[in-house]
Amino acid sequence: MKELSSAQIRQMYLDFFKSKGHDVMKSAPLIPHDDPTLLWINSGVATMKKYFDGSVVPKNHRITSSQKSIRTNDIENVGHTARHHTLFEMLGNFSVGDYFKKEAITWAWELLTSPEWFDMDKEKLYITVYPEDKDAKKYWEEVGVDPSHIYEAEDNFWDIGEGPSGPDSEIFFDRGQEMNNLPEDDPESYPGGENERYLEIWNIVFSEFNHKPDGTYEPLPHKNIDTGMGLERVVSVFQHARTNFETDLFLPIIEKTAELSAGKKYGENAEADVSFKVIADHARAVTFAIGDGALPSNEGRGYVIRRLIRRAVMHGQKLGIDEAFLYKLVPVVGKIMESAYPEVLEQAEFIEKVIKMEEDRFNDTLKDGMQLLDSLIAETKENGGKELPGKPVFKLYDTYGFPLELTKEYANDEGLDVDEEGFNEEMEQQKARARAARSDAKSMGVQNGLLTDITTSSEYVGYHELKANGVLKDIIIDNELVDTVPADSRAQVIFDKTPFYAEMGGQVADKGVIKNQAGEVVAEVEDVQHAPNGQNMHTIHALKEMTRENTYSLEVDVAFHNKVKKNHTATHLLDQALRDVLGSHTHQAGSLVEPTYLRFDFTNLGSVTAEDLKKIEDIVNAKIWENIQVETVVTDKESAEKMGAIALFGDKYGDTVRVVKVGDYSMEFCGGTHVANTNEIGLFKIVSESGVGAGVRRIEAVTSEEAFEFLEERNQLLRQSADELKIVQIKEVPRKIEQLQEQVKLLEQQKQALEDKFASQQAGDIFKNIKDINGKTLIAGQVNVSGMSQLRQLADQWKEKQLSDVLVLATATADGKVNLITAISSDAVKEGYKAGDLIKAIAPKVGGGGGGRPDLAQAGGKKPEGIQEALKAAEDWLNK
């Protein structure tokens, strides 16, 4: 067997299948495009759904790829096993209704064993087949597999719900007994068993059945091949590595982490090795995910990124790394993957910035979590408990990123255990919720042979004309091909020629009417979508009967169409203006182009400031008023990229592409409709900017008449405001508002002064009430103040006057909450008394928790009725 690097293995796989007539498909971004059922691209086949369910017919029915993927259902196993990863690459070859079992098996064996390719030892390869799949077994024997190396397995049937399914064959590599974790005679020591000797390296799925909604199976109209070879696994075979982590995909990251650690080295300590592996795995995942547009947040993909970063940071602390470090691993990841993913190094600066910001932010979160943990420990001890309950411990893990091991360590220091069973129950409930949310995500959709088989030629002419004659070629009603559309019915129809734009790239479909040769309106066009083979398929409401092979006049609603194209060109200008103002890291995350407004989603770390929004708006309007010609160029993809055309992030393009150029300012791949000159847009106005998800912002804007109407509405609102403020000139409105704000500010200051005076009067009474408890003086009482800031002022007065050894003050706020503050004199602190310990002892009485310094601590609570009990608890604490 050859000595190959991961880059060589990846390239050799793709080159082999390219030699067999496959198109090499570039890895799609990790964020699914137009597939709301998936959180992440989680397999090679995930990008093939549209082909396998027949909704789109590929240009080449043979495809191969190395697809980056993320799976997060087993995060806790990462670092503890040899092959669990969050990010991985799946090598795959796919046949969409083309070759089937014989070719798939023959080529798999050739790639694995041919000296020209992988050159694996045939004697070390084992195959599993589905017992009823006699053809697969026959073909494996025909290519030369020893029958004793072929195993039948009942679970060799790939089925994930509705859609394509079928038997599969798994290929195992015998790494030798020295790699095994079991005795040679163990019942699990066989290909397919739970052992480390026989490593699964490839799975070939023969999709030949449709799993129907009623649970039955029927033969697929078009049989498919779907294979998956985990790159990390096969690299470990070629590089004779015991685990995936001892390969060139991970070792450089581990070595860099060791450099950053407090003298730790990989391979010296099992516990430290877990941390090294976790960090290496998570560094890869967050680097690629952020590069593909996912940003840390508290929901969806962003939550996954945040959790991975926090878990890596906590493991860094176990290695003695106390400062932000994960971001320093990004260039290492980029260098390892450079041959296949050069964009990682190109984006490295931005990715590093995002990770470092999140690492720094986690330090603050860590403090909040520690306060909650301290409160939980104090409350448990107060109630005589022996272990921390599982539910709040899981909250620490889930919300604050506290690993269970860390919580256990702190609990043990306080003489407590942790309810791990309760914790695991909470974990399982969360996983169940996640599985339920993903239940539909795996289904590929039942293959529709009818639409897939329609190959009628249909020409779109709407770029140049909005009225055209077309012959009605296909009529579909209730999923059946028919010859006539009855009056007052709905149908899907295809013409040999159409001016109607089909919804694509965020642009809505054209609307309009269809007329017969007598000029009568026979149908209204309600929607237009692309059929699997690319034809424009019109959804119509027929007013009169329509018949196949008759010629009709197709007429687009010109006013509707013109409004849409103005907004589409404005979207291109907005896209470029965003990059000009915010930076090159910003890219499109979605768009909607309607006749009345446009919506544009884009990646950005935070909200766009009002100042930047104005800059963006000014740039777009400047380009509109420059009267720039808009041109379209149809060329090959490579030439378009050399021209500098920007491709929509995540979109797939054929060999021939259409490029829309707005002078020298904007140049994008686009199949939409556009104005001939920017002056047709007239005016551009941003109406809102908001967040829609993890690191994704949304701008909504209007153009032309809608922009004028928007400004007119705002002018009316200003006029009404001026009337309410009793001023004549609209321009005086801001000044009048400033005056009112100053008056409000003055009144608030006066109110605060009165509250401070009242608080001091109360304090004077409380400060006189000094108790002697166990040799220490205590002042404890409830005051009627507005909140924590005034409690701190009273504590400062107490400190200046040195009135007692210990101070405890409480107040009930207007919203039904409690604020507590404790203070210890400097002499008492020297004797070992700590305000933080005192606050932890009394805060549970008001249903809260807190912490602080030895001389000053504070807490919040939600039980005002417990204030007197908390004050009494302070006396008990001193008595101890």
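Cβ atoms are placed via backbone N, Cα and C, with glycine included.
Feature annotations, reproduced from Swiss-Prot:
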type	residues	note
BINDING	His568, His572, Cys670, His674	Zn(2+) binding site
May I have the list of same-chain residues other than His568, His572, Cys670, His674 whose Cβ is within 8 Å of the Cβ centroid of the recorded Zn(2+) site, in sequence order?
Lys565, Thr569, Thr571, Val630, Val660, Glu668, Gly672, Thr673
Residues satisfying Cβ distance under 8 Å from His568 (Zn(2+) binding site), sequence separation of at least 6:
Gln507, Val593, Leu598, Cys670, Gly672, Thr673, His674
Quick one: give me the count of other CB atoms within 10 A of the CB of Cys670 (Zn(2+) binding site).
27
Spatial neighbours, same chain, of His572 (Zn(2+) binding site) - Cβ under 8 Å, 6+ residues apart:
Val660, Val662, Ser666, Glu668, Cys670, His674
Mind giving me a neighbour count for His674 (Zn(2+) binding site)? Other Cβ atoms within 10 Å of its Cβ, every protein chain shown.
25
